[in-house]
Every structure is written in structure tokens, then in C-alpha cells.
Amino acid sequence: MTSSVFRIGQGYDVHALVAGRDLILGGVKIPHDKGLLGHSDADALLHAITDALLGAAALGDIGRHFPDTDDRYKGADSRILLRATMSLLQAAGYSVGNVDATIICQTPKMAPHIPEMVKNIASDLGVASDHINVKAKTNEKLGHLGRGEGIAVQAIALIRKS
Ligand SMILES: Nc1ccn([C@@H]2O[C@H](COP(=O)(O)O)[C@@H](O)[C@H]2O)c(=O)n1
Ligand SMILES: C[C@@]1(CO)OP(=O)(O)OP(=O)(O)OC[C@H]1O
């Protein structure tokens, strides 16, 4: 009988909300008067998940693999970075068990967009949609997130090596 090794990782990201940028989370363009500021497309959800996966595999963090000083990642689609991360995990012998994430966002409402985010993430990680969960919370109008100055994401990922 072979046994599996399970490992867990967590990730966090926050980006400022500013005028003149698209709001992209989980690879979904969400209609809003502001978007997230960053070197890439600033998809905080995919960045937090990327860091959770890299953390679980003890492979460092997103900035180590995709530095924000590298012009190749200027305006980058974070789904490409997530897929590249998945390739790193696969090369190390890992597959994804499940991912859970919480978007902390005062406005706009995320709920209508979550099914498409889940579909994108599942596709990029090569798992069925029921292995991925995305949730959203306001910050009850408290602090910088509550004032709508930015959006933060927390994520956790379980990976396994058979
Ligand atoms: N940006 C958001 C924030 C929240 N939701 C949904 O609303 C529910 C209640 O949020 P509270 O912060 O008031 O607890 C939450 O469970 C989400 O379903 C959302 O869609 N988008
Ligand atoms: C994705 C990268 C690289 O373009 O840039 P940003 O979009 O600024 O995102 P962040 O989460 O601050 O850091 C990770 C960077 O490596």
C-alpha cells in the first residue's frame, strides 16, 4: 500500500483600488469604477492562491518566481502565473487537494462572479470545481479595506504527493 504526503500552505495579498485600472479577480473582469493597482494585472485572489500553493510546497513566494522588477510580468495575466506555479508543483510531484479563499472587499459584490472565478481556478489547477472554494466578506466599513481603498485576499491550499 502507498501512502500520500499532505502539505498545507497559506497565502495573503492586498492591492490598492484606484481609478483607471480594471478590477480583475480570479481571472474575471468585474464591472467597477476602480481597479487594483499592481505591476501585473494585480489579481489579488490568484496571487494569494499562488502563494498558498508555493508555501505548501516550500517553494518560496510569488515575488521569487515572478519578480515585480521583471518587465516580462508588467501587466501580466495572473492566470498565466498560476498555471506556471502549478507546473512547478507538478514537477515536484504534487497535485492539488483543495483550495479555499476569502476576498475582503467592501464593494462591489463578489457573489455574482464567484462561479466564474472558481471555474477559472479549477481549470488552471487541473482539478474539478468542487475542489475550489471562493468566499467574500466586507470589512464592515472598518479601516482601509472598509473604506474601499483596497481589496485583500486570504487563501489556504492543501497539496499531496502520492
Ligand atoms: N464584496 C462582497 C462582500 C460580501 N459579499 C457577500 O455578502 C455576505 C455578507 O458579507 P458580510 O461582510 O456583511 O458578512 C458574504 O457572506 C458574501 O456572500 C459579497 O458577495 N461581496
Ligand atoms: C505579480 C507580481 C509580478 O508582476 O506583481 P504585482 O502585480 O505587483 O503583485 P504582488 O502581489 O504585489 O507581487 C507579486 C509580483 O511578483
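Cβ atoms are placed via backbone N, Cα and C, with glycine included.
Among the candidates His39, His47, His65, the residue that TrEMBL names alongside Asp13, His15 for the divalent metal cation site is His47.
Asp70 (4-CDP-2-C-methyl-D-erythritol 2-phosphate binding site) sits 33 Å from Thr138 (site 'Transition state stabilizer'), counting Cα to Cα. Counting only same-chain residues at least 6 apart in sequence, those with a Cβ under 8 Å from the Cβ of Asp68 (4-CDP-2-C-methyl-D-erythritol 2-phosphate binding site) are Gly38, His39, Ser40. The Cβ of Thr138 has fewer other Cβ atoms within 10 Å than any other of the recorded positions Ser40, Thr138. Averaged across the domain '2-C-methyl-D-erythritol 2,4-cyclodiphosphate synthase' (6-159), pLDDT in this predicted model comes to 98. Apart from the site residues Asp13, His15, His47, the chain places the Cβ of Val14, Leu36, Gly38, Ala42, Asp43, Ala44, Leu45, Leu46, Ala48, Ala152, Val153 no farther than 8 Å from the centroid of the site's Cβ atoms, the recorded divalent metal cation location.
Around the Cβ of Phe66 (4-CDP-2-C-methyl-D-erythritol 2-phosphate binding site), the same chain contributes Ser40, Tyr73, Ala76, Leu81, Ala84, each under 8 angstroms and 6 or more positions distant in sequence.
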